[in-house]
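J.: Grabbed the feature section from TrEMBL, which reads as follows:
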type: TRANSMEM; residues: 12-33; note: transmembrane segment
type: DOMAIN; residues: 15-433; note: domain 'Major facilitator superfamily (MFS) profile'
type: TRANSMEM; residues: 53-72; note: transmembrane segment
type: TRANSMEM; residues: 84-102; note: transmembrane segment
type: TRANSMEM; residues: 108-134; note: transmembrane segment
type: TRANSMEM; residues: 141-164; note: transmembrane segment
type: TRANSMEM; residues: 170-191; note: transmembrane segment
type: TRANSMEM; residues: 252-274; note: transmembrane segment
type: TRANSMEM; residues: 286-306; note: transmembrane segment
type: TRANSMEM; residues: 318-338; note: transmembrane segment
type: TRANSMEM; residues: 344-366; note: transmembrane segment
type: TRANSMEM; residues: 378-397; note: transmembrane segment
type: TRANSMEM; residues: 409-428; note: transmembrane segment
type: COMPBIAS; residues: 436-445; note: compositional bias 'Basic and acidic residues'
type: REGION; residues: 436-473; note: region 'Disordered'
Amino acid sequence: MRIRCTKITRWNIYFNYFYTACFLMYSLMMGSIKTFGILYAELLNTFHGGAGNTASIGSTCIFIQSMLGPLANALSMRYSFRKVTFLGGIFMSLGFLISAFTENMQMLYFSYSFLIGLGYGLTYVPCTTILNFYFDKHRALANGIVFAGSGIGGFALPFLYRFLLDNYGLHGAMIVLSGVMLNCCISALLFRQPLELSQKISSNITAKDPDLKQSNHTSSSNSSGLCHKCLSLRNTLKVLFTFRWSLFKRPAFALITLAYALACTGYDSNFYIIPALVERKGFGPGAVALSMSIIGIFEVFARVFFGWFVDRKVLSAHILFFISISISGVSSLCVPFLHNLELMYCYSAIVGIFTGSLHTFLPTILVNTVGLDNLPAALGLLTVFLAVASGIGQPSLGWLTDLTGTWDASNFTVGAILLISAFIVLSVDRCMKNGGDKTEEKETVEIGMNPESPHEKDPMLMNGISKTEEMPV
C-alpha cells in the first residue's frame, strides 16, 4: 500500500507539469493563430496586397497546419509526442524570425505560411491527442480546461502584438515573437508517451507486416541499423495511414467531419473579419485589440463551463454543439446591422462563448462516434478536411469583400455555413439515437487496437486519469 501511494504521488506531481505544458503550448499556438487578424491589418497597411491575397497568407498557414494532422500523429506514435512537438516549436520560432527580415509579401508565403504552418501542424494535433489518453471519466472537462488556453492566448496576445507593433514595428515584433514561441519547446519536454498507445502500435506493426519481422532478423545478424529504421518508419506510416480512410464507412463520422469543416471555417473567419470590420468602421486599433481580447477571455470561461457541463451528461455534446453554433450563425447574420462599438463588443463575446466552444465538444463527439482507439486516426483525418475548408473558405471571403467593397456578404456567408453545420450535427445525433450508424466491431480489431477497452476495467482510468507505471520517458 505504501508503494502504491508513492507512485500516485509521483504521478500527480508529473501530471501537474504535463497539464500545464499542454495548456501553455495550446495558449501560445492557438493564441498566435487567432491574433493573426492584428498582423493582417498591419500587413495590409505595409504591403498593400489586397484583402484576399493578404488573407491567403494566414489561410495557407492554417491549411498547412491542418494537412499535417495525420502525419504529425503518425510521427508522434512512432517517435514520441515529445520529439514531434519540440520540432514544431522550433519551426514556429524560425518562421517568425525569418519573417522579421522579409521585405515583400511573397516571401511571407514561405516564412509565415509554410514554416509557421509547419510548426503549428506538428504541435496542434499531437497536443490535442495525447491529452485524451490521460482521461476517461472527465475527458470533456480536461479538454475544456486545456482548450481554454486558446482563450487565454486570444486574450493576452492581442495586447502583446499591439504593444510590440506600436513600439518596435512589424519586423521588430516578429523577432520578439520568435523568442516567445520557443516556450512551446519547453512545454514539449514535459510530454510522455502513453504506454498503452506505444505498445499497441508497435505490436500491430510487427503483426501486420512480415517484412518488418524479416528486417528485425536481418538487422540483428548484419547490424543494418539504418535499413531497419527506414523500413520500420515505412511500415509505421503504412499501417497508420491505410486504415484511417475506412472511418468514412461510418456515415456519422463523415457528417461530423463535414460539419466541423464548415463550423471551423466560420469560426476562424471571425479573426479576419472582426479586426478589419472594426477598423473600417473607424473605431481605431485599440478597439481592434479589445475586440479580439473579449473573444479570448469569454472563451476561457465558456470552454471550461461547457466541458464541465458535457461531463454532467444533462445534454449530449451534439445537442450543445447545435445550440451553440446556431446562436453563432444567427449572430453573424446580424453583424451587418451593428453600427456602434458596444454592439461589436457584444458580438465578440458571443463568438467567444458559443462559436469558441466548438473545439471543447470535438473530442467527446469523436470518441462517441469512432471510439477512443480510433481517436488519433479520426483527429488526423478530420484536420485534413479542415485544411481544405480553410484553404478555400477564408481567401474566398476576402475576395468576396474585394468584389463587393463591404464585409456584409462575408458575414451573411459565415452565418449560413454555421447554421448548416449546426443542423448536420443535430441530424447525426438523431440518427445515432435511432441506431442509424451501425459499426462493425471487426473494424476496431483490423487496425490493431484492442476492442475490449481497458478503460472499463482500470479503477484509475475510471477516476479520470490513465496509468503511468512503467511509462517511457
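Indices start at 1 and increase along the chain as displayed.
Cβ atoms are placed via backbone N, Cα and C, with glycine included.
Thinking about packing and proximity, how do these listed features fit into the structure?
T.: Counting same-chain residues at least six beyond the ends of the transmembrane segment (84-102), those with a Cβ under 8 angstroms from any Cβ of the stretch are 25, 29, 32, 72, 75-76, 108, 110-112, 114-123, 126-127, 171-175, 177-179, 181-185, 187-189, 191.
Within the same chain, residues 15, 18, 22, 25-26, 29-30, 33, 43, 57-58, 60-69, 71-73, 75-76, 81, 84-85, 87-96, 98-99, 102, 142-143, 146, 181, 184, 188, 191, 194, 196-197, 363, 367, 372, 375-376, 379-380, 383, 465-466 sit at least 6 positions outside the transmembrane segment (108-134) and bring their C-beta atoms closer than 8 Å to a C-beta of that stretch.
Residues 19, 22-32, 34-35, 38-39, 127-128, 131-132, 134-135, 172-173, 176-177, 180, 285-286, 288-290, 292-293, 295-308, 310-311, 352, 356, 359-360, 362-364, 464 of the same chain, all 6+ positions outside the transmembrane segment (141-164), place their C-beta atoms under 8 angstroms from a C-beta of that stretch.
Through the fold, the transmembrane segment (170-191) approaches residues 17-18, 20-22, 24-25, 28-29, 32, 39, 42-43, 46, 80-83, 85-86, 88-90, 92-97, 99-102, 119, 123, 130, 160-161, 164 of its own chain, all at least 6 residues removed from its boundaries and within a Cβ separation under 8 Å.
Proximity of distant same-chain residues to the transmembrane segment (252-274), defined by a Cβ-Cβ separation under 8 Å and at least 6 residues beyond the stretch ends, is recorded for 33-37, 40, 55, 58, 62, 288, 291-292, 295, 325, 328-329, 332, 335, 344, 347-348, 351, 355-356, 358, 362, 365-366, 369-370, 378, 381-382, 385-386, 388-390, 393-394, 397-398, 407, 410-411, 414-415, 417-418, 420-422, 424-425, 427-428, 431-432, 436-437.
Residues of the same chain lying 6 or more positions beyond the ends of the transmembrane segment (286-306) and with a Cβ under 8 Å from any Cβ of it are 31, 34-35, 37-38, 41, 140-141, 144-145, 147-148, 150-159, 161-162, 270-271, 274-275, 278-279, 320, 324, 341, 344-345, 348-349, 351-354, 356-357, 359-361.
Counting only same-chain residues 6+ beyond the ends of the transmembrane segment (318-338), those with a CB under 8 A from a CB of the stretch are 263, 266-267, 273, 277, 306, 309-310, 344, 347, 350-351, 353-355, 357-358, 361, 365, 406-408, 411-412, 414-419, 421-423, 425-426, 428-429, 432.
Beyond the transmembrane segment (344-366), the same-chain residues lying 6 or more positions past its ends with a Cβ under 8 Å from any Cβ of the stretch are 128, 132, 139-140, 143-144, 147, 150-151, 154, 253, 256, 260, 263-264, 266-267, 270, 274, 277-278, 281, 283, 287, 290-292, 294-299, 301-303, 306-307, 310, 317-318, 320-321, 324-325, 327-328, 331, 334-335, 338, 375, 378-379, 382, 418, 425.
Within the chain carrying the transmembrane segment (378-397), a Cβ under 8 angstroms from the stretch's Cβ atoms is held by residues 52-53, 55-56, 58-60, 62-74, 124-125, 128-129, 244-245, 247, 253, 256-258, 260-262, 264-265, 268-269, 272-273, 366, 369-370, 410, 413-414, 417, all 6 or more beyond its ends.
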J.: Other than its close neighbours in sequence, what residues sit by the transmembrane segment (409-428), given a CB gap under 8 Å and a spacing of at least six beyond its ends?
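T.: Tertiary neighbours of the transmembrane segment (409-428) are 252, 255-256, 258-260, 262-263, 265-266, 269-270, 273, 318-319, 321-322, 325-326, 328-333, 335-336, 355, 365, 369, 393, 397-398, 400-401, 437.
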